[in-house]
Amino acid sequence: MSKMRVYEYAKKHNVSSKDVIHKLKEMNIDVSNHMTMIEADVVEQLDRSFSKEQKQELKKEEKKAPVKTPVLEQFEEDEDEVIQTKVPIKKAVVKNREGKKHDLQIQQKEKKIFNNKKNKKQKPQQAPQQEVQKKKEKELPKKITFEGSLTVAELAKKLGKEPSEIIKKLFMLGIIATINKDLDKDAIELICSDYGVEVEEKVTIDETEFETIEIVDNPEDLVERPPVVTIMGHVDHGKTTLLDSIRQTKVTEQEAGGITQHIGAYQVVVNGKKITFLDTPGHEAFTTMRARGAQVTDIVILVVAADDGVMPQTVEAINHAKAAKVPIIVAVNKIDKPTANPDRVMQELMEYELVPEEWGGDTIYCKLSALTGEGIDNLLEMILLVSEMEELKANPNRRATGTVIEAKLDKGRGPVATLLVQSGTLRVGDPIVVGYTYGRVRAMTNDLGRRVKEAGPSTPVEITGLNEVPQAGDRFMVFEDEKKARQIGEARAQKQIVQQRSVKARVSLDDLFEKIKQGEMKELNIIVKADVQGSVEALVAALQKIEVEGVRVKIIHSGVGAVTEYDIMLASASNAIVIGFNVRPDANAKRVAEAEKVDIRLHRIIYKVIEEIEAAMKGMLDPEYEEKVIGQAEVRQTFKVSKVGTIAGCYVTDGKITRDSSVRLIRQGIVVYEGQIDTLKRYKDDVKEVAQGYECGITIKNFNDIKEGDVIEAYVMQEVARK
């Protein structure tokens, strides 16, 4: 018998990898994970061990089988004996005519004895039932429940006592009460404790905030569910091609000549088990949904091109997956190319703690070609293996809850939403609340374009019947009736749930010390962006050394270049602070940061960053001047004039540029110079300010290296007191 891996043995003998690992550990054989290679002699030991267990189980079943039969046989034997005793008596009567009367008397006596025995058996059965009924009437309840308060009459009714008796007890406790007096929780508990009855107060749950309601299922009701997979990676590394290849090989082979319908997600069947793929490649959608509190992904496939290696977006994708605490499977794509070097990719990814199993790590690497289809079956098997180890389960036997994947307004069908059912079962006709809209599920379509009547956990379906279009990432919940769904949907709309999300409390340096004191924070998440890689490394190293009150700094992402919208979304999802060193946020990043209430700190000196973070963590931040950007202008043309210098012909794109404001020159997201405006002109006239949509000429004091395409940002310093 040859060597094999743990998961191969499990697959061959139709047992789970966890059972095999557990058995090996019982045999004192060191096993790290499901990819560990086991020797031939160990395989034989396993075979013997599993065969013994099977034999023991069979013996147990044989012993358990004949439990009730002896009682029945004994009962039948007793009946036979009774019949046999009667038969000879009848025969004796027939043979002996003279003693006929005597025999009849004997027979009647025997009947009476037999009937008496029957009555004796029946009477003890009836008597206890009557006694139990009497006892039940007198017995006090073990527990009573109430909501808010109870009157004396209501409490007496719950306890099965007279109100006068309760009033007497209250009087003995120093409480003068009438039959209609409302009793508080303490009084109810005192009376009930006197009777030895347990009290439970019902807490009213606000179902309008159903995202915060956590329903704990009975472990017996949980069943295995398909994993939900998201594909991430750098641009042009083959994410979309891989999705298309999986769909063509697995979905279209089920559909003979059928056209699949794009609903934002689809399912494939591998070895009789389903896998759900979110058809939204890239980490942007992933992070946007996570920022809204929707954690839908179970496994992330990180696609890296074998001929290109690790790129900036690859690193971003790794950081996003780690921040969400989702297992990563690395798909090394384009191995069919002559320049492919998978080993180089593995080596580069080791820097980001993605160590291959072949090299002693715990990250699964799959070499494949999305174009030719090579290695795709192996990738799908690995997804099922990781899913098995993660023990993904859900309860299908309750009202459905889940998340919106996509939503749109269709001309013919009205609002259409793609929902991913995460728990329970969604059925046609269910009253549903989605985000801040509501409706009844009118029709359901699966990813193959077929009408379905119900959808279980991890199943994506497209539904119609909502009154408005929800947002991607919104949570949904099914309610018992349409009236309640309408009430909750309208209440949520009135609370303007969308605006409340944007006002979500974020961590900032201003309130950092308070959160540390209250024990709310154990780690301070930070995103670092700088102008050059050397600055990034120096800043990260310096920040990681900071530790105050047991709170450590955790760098969740770092990179070179301007602060982007995606950095802000990651900070929003991870409750992080963004630090920009010698770089500026672009216009979109500023807008998103303001909406998501993300704290951005911009610096040009490293020790100032360290000082500010340490001071914030110690609660020693002084009042400071806050920078307020008042406008931006784009340099369209430059003019060199002797004795004046370089004049920048600008177009004001945002806000306004004022004569007395400070300015900074930004080139490709990097700050080149900071200073003051020397002259500000419109045509030939000096002006105090130029508003958005107008052209102007600007010169900067002591600086002439202005180029076309540069951005001039105007700002003023305002003094603000810290709270």
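Keep in mind that glycine also has a Cβ here, set from the backbone N, Cα and C atoms.
Under the heading region 'Disordered', Swiss-Prot lists 112-138.
Per Swiss-Prot, domain 'tr-type G' is recorded for 224-393.
Close to ILE335 (GTP binding site) in the fold, though at least 6 residues off in sequence, lie ALA306, PRO342, LYS367, LEU368, SER369, GLU374, GLY375, each with a CB less than 8 Å from its CB. Under the DSSP three-state reduction, ILE335 (GTP binding site) is assigned to coil, being neither helix nor strand. Taken from Swiss-Prot, the feature GTP binding site covers 233-240, 279-283, 333-336, and the record attributes it to sequence analysis.
Sequence annotations record features per position, and here Swiss-Prot assigns region 'G1' to 233-240 based on similarity to another entry. Among residues of the same chain six or more beyond the region 'G1' (233-240), those with a C-beta under 8 A of the stretch's C-beta atoms are 281-282, 302-305, 308, 311-314, 317, 331, 333-334, 370-371.
Over the region 'G2' (258-262) the predicted model carries a mean pLDDT of 48. Residues annotated as region 'G2' in Swiss-Prot: 258-262.
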Across all protein chains in the structure, which of the binding-site residues GLY233, ASP236, LYS239 has the highest Cβ count within 10 Å? GLY233
Provide the three-state DSSP residue tally for the region 'G1' (233-240): helix first, then strand, then coil. 2 helix, 1 strand, 5 coil
